[in-house]
Every structure is written in C-alpha cells, then in structure tokens.
Amino acid sequence: MEKVQSIGFIGGGMMAGAILDGMVNRIKKNPTEIFVSERRQERCDELHDMYGVSASTSADSFIGNVDAVLLAVKPQALDAALDEIASKVKSDARIISIVAGVPLARLEKAFPGHPIVRVMPNTPLSVGEGMSAYTFNDAAEAVKDTTAEEIFSSCGKAVKVAESLMDAVTGLSGSGPAYAFLMIDALSDGGVMAGLPRDYARIMAAQTLLGAAKMVLETGKHPDALRDAVTSPAGTTIAGVRVMEQQGVRGALIDAVMAATRRSEELGKLK
Ligand SMILES: NC(=O)C1=CN([C@@H]2O[C@H](COP(=O)(O)OP(=O)(O)OC[C@H]3O[C@@H](n4cnc5c(N)ncnc54)[C@H](OP(=O)(O)O)[C@@H]3O)[C@@H](O)[C@H]2O)C=CC1
Ligand SMILES: O=C(O)[C@@H]1CCC=N1
C-alpha cells in the first residue's frame, strides 16, 4: 500500500493541535497535505495561522480525497462525526482514532474493510515528550501501516500493544499527565509551606520529577533501587517516604489508574 500523502483531521481541539505541531514542525509534513475540520471558526483560523494547514468548519471539501482520516473529537461527539463523514471517505482511506475508550470493533462498523489504528496518546506530545500506544485492526496489520507510528513517535515514544490493553494505557499514560501535574502542584505547596518562594518551588518540583523520570528511562534501573540511592540511613528522605506510605500515596496512585481504566471501559460502551 502506498504511503499516506494527505491526511484529514476531524476535530481540531487541544490534542489535534499538539499532533499537528509534531507533524508540521518535527516530521516536516507539508501543511498543504493536511486538512482539519473543526466546529469553531476562530480555532480554524488559529490552526491555519500556526501550522499553515487548511482548516474549515466542515469536512466536505476534503473528506472524499484524503488518504488518511484522524479522528480527534471527544467520545461523546464521535457518533455525530461518524454520521457526517463515514460514508464519504475514500474506499482505501486509513483511519486513525485517538478517541478514548472507543474500540476497533465500533470503528470497523463505521469504516468496514478500512485499515484502522486506535491510538492513545497523551498531552506531553505537545512538547515532544508524549507517550502513545497504538493497536491495529486486521486490515491495518495486513498493510503494515506505518502512518500512526510515524506521527506519534515524532512527538515522543510510541509502542504497539494488544487492544485488550488500551483501557489500561488510557488509565496510566493517557490520563497520567494529570496525576503528575497534581503531584507537582502538591510538592510545590510543600515547598512553600517549608518556606520556599512559589516560583522556585514549582520549578524544583517539576525538575525533580523530570530528572527522576529520566533516571528511570536512561539507567533502566528499578525505581526502588534509585529510591534507595536517595535514602540515607536515619536521613531526611526516609522521614518523607514514611509519611507518603502512611498516607497511602502508593495505593492512591494505583487506585487512580484503575478508576481511569474503568472509566475508559465505560466510555467505550456508550452509544
Ligand atoms: N486530552 C487528553 O489528554 C487526551 C485526549 N484524548 C482523546 O482525544 C480526543 C480529543 O480530545 P481533546 O483534543 O482534548 O478535545 P477537544 O474538545 O479539545 O477537541 C475536540 C474538538 O473537536 C470539535 N468537534 C466536535 N465534533 C466535531 C465534528 N463533528 N467535526 C469537527 N469538529 C468537531 C470540538 O468542537 P466543540 O467543542 O465546539 O464541540 C472540539 O473543538 C478525545 O476523544 C479524547 O478522548 C486522547 C488522549 C489524551
Ligand atoms: O480524560 C479523558 O477522558 C482523556 C482521555 C485520556 C486523557 N484525557
């Protein structure tokens, strides 16, 4: 199968903007081959000004011509979007969906016979540090479609997983930036309470999480081993870690991932 040239986005919100940034500024995709359908005219203008793509409030001008369609509307808006476009796409168009919780089977009903890739990215892809996981339907497997891999690895890491894991991916890395932001804010509050100015506290909290994350990824060491290296006998760190364990921070994070995973499963069942 030929490489994808033109691509049409359905939905031009926050995630679409972040993906467009990767496509235009990182993989240097020609913006004249990118089309966006987005409800709000002012957002269309913004996307055109920022990335040079064609953006309009209807997909009609491009949907029958593009080689790939990227679905980037909220799950609750998906059915209406599919009603608008599904019967108009090119017969061999590849479909990429980032819509949380929506299974391949539901997309296959709308686009029978098409190669379909379901992706769960996250917002740090807007700064080139996204974590995306993707899964193929049989038709995409058959053509070994590389479009999604190319797009999403241009703005971070991208891994292929079995579809049965997509809700768990959503609960961990899809929603995960929110857990990290909450932790950064809470750690900043701790710093302020201990006497640091707010702006320093925020930078210290964020850079500490960034550095710790890099150590995990770059050393390949278990987080427990890295934690041991910070934790001096009778020192400061063990005093802090003890409070975290007493307050159930570990259990709260496990439960947060599970709650988001369950919600992703529920969203997939909404009709
Ligand atoms: N935010 C995140 O962290 C992540 C989100 N996702 C998924 O990505 C998808 C997009 O999320 P996000 O970018 O945050 O959402 P946004 O609400 O920012 O963007 C969706 C946009 O699509 C527009 N829209 C709705 N229906 C149509 C339509 N039929 N045709 C054209 N445009 C339409 C909306 O307009 P209006 O608001 O006027 O309806 C809105 O501007 C969701 O399915 C979400 O589950 C996946 C991973 C992470
Ligand atoms: O909150 C949500 O539903 C979306 C999906 C993953 C992150 N944000």
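Including glycine, each Cβ sits where the backbone N, Cα and C put it.
Summed and averaged per residue, pLDDT over the domain 'Pyrroline-5-carboxylate reductase catalytic N-terminal' (7-101) gives 95. Sequence annotations record features per position, and here TrEMBL assigns domain 'Pyrroline-5-carboxylate reductase catalytic N-terminal' to 7-101.
What TrEMBL records for I10, G11, G12, G13, M14, M15, A72, V73, K74, P75 is NADP(+) binding site. According to DSSP, A72 (NADP(+) binding site) sits in a coil region rather than a helix or strand.
Among the features that TrEMBL reports, domain 'Pyrroline-5-carboxylate reductase dimerisation' is placed at 163-267.
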Cα-Cα distance maximum in Å, computed over every pair in I10, G11, G12, G13, M14, M15, A72, V73, K74, P75 that the record assigns to NADP(+): 14
Other CB atoms, at most 10 A from the CB of M14 (NADP(+) binding site): 12
Other C-beta atoms that fall within 10 angstroms of the C-beta of I10 (NADP(+) binding site): 25
Where I10 (NADP(+) binding site) sits in the secondary structure, as DSSP reduces it to three classes: strand
